[in-house]
Amino acid sequence: MAHSPIHGRITETEGDLFDAPDGAALIHACNCQGSWGKGIAQAFKNKYPAAFTIYRAHCQNLLSKASYRTVNPVPDEGSLTGNSRKVRLPEGTALVIPPQEHDHMGRHKKHWIICLFTSRGFGRGVSSPAVIIQNTELAVVDMRRQIAELHAEEGLGGFSGELWSCRFNSGLFGVDWALSRKVLEDAGLEVTVVSPREG
C-alpha cells in the first residue's frame, strides 16, 4: 500500500518564543562546539542556564572522543544535497533536554529545549547552507524519534507535545528560512514558529 506524503502544519506568529505554553518544547539550531554565544542562542543561554550546561557537556564529551557516521541522503527534485559524507557527532542529531528545575524555579515556565545540531561550527566556521539543510533533515528525524520515545513512556515527563520554534538557521547561520520550514513541513510536524515583533 503506497503512502502519500504527510505535510506538517507550520503556524507563524510574532511575539516572544519564551512565552510558549508550560510543557512546550522550544526548538533551535545549534553549533557542535558547545557555544550559545550570540543571537537567539544567547537568549536561550540567559533564560535556561542549566539546559545550556547540559548542551555544553554533551558537545564537550563528543569533542573529546570523536565519533563519526556516514550519511547517505536520497536526493529529490528540491533537495540541495545528495552526496554521502562523513559527519562527526553530534552534527545532524538532536538533543532533547527536559525542563531543569534551576531554569524554571519560581520564575519561568517549564520548557523542554530541543537542540538541532545543524552546523559544525559558528562564526567563520559555520557550515555551508547545503550542509546545514542536510543536517537539519537528519536532526529533525532524530528529534521525531526521541519525541516518539517520550510519547511511549508513561506520563511524558511533563512534555505537552507542543513544538515551538524560532526561525532557526536563518539568523547567524544565514540560511533562507523557507528551506528550514520545508524540512519541518516534509517531516509532518506541527510547529508554532515565533518571530520577534517588528518595531
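Every residue, even glycine, has its Cβ placed from backbone N, Cα and C.
The annotation domain 'Macro' is assigned in Swiss-Prot to 1-199. Feature annotation from Swiss-Prot assigns substrate binding site to 15-17, 29-31, 36-41, 168-174; the stated evidence is similarity to another entry.
In the predicted model, residues of the domain 'Macro' (1-199) average a pLDDT of 89.
Under the DSSP three-state reduction, GLY39 (substrate binding site) is assigned to helix. With a cut-off of 8 Å between CB atoms and residues at least 6 apart in sequence, the same chain places ILE27, HIS28, ALA29, ILE40, LEU116, THR118, THR136, SER180 near PHE168 (substrate binding site), listed in sequence order. Reduced to three states, the DSSP call for GLY174 (substrate binding site) is coil. The sparsest Cβ neighbourhood within 10 Å, among the listed binding-site residues (GLY15, GLY39, GLY171), is found at GLY15. Sequence-distant neighbours of TRP36 (substrate binding site) (same chain, 6+ residues apart, CB-CB distance under 8 A): CYS30, GLN42, PHE44, LYS45, PHE52, TYR55.
Listed in sequence order, VAL126, PRO129 are the same-chain residues at least 6 apart in sequence whose CB falls under 8 Å from the CB of GLY174 (substrate binding site). Secondary structure at ALA29 (substrate binding site), taken from DSSP and collapsed to helix, strand or coil, is strand.
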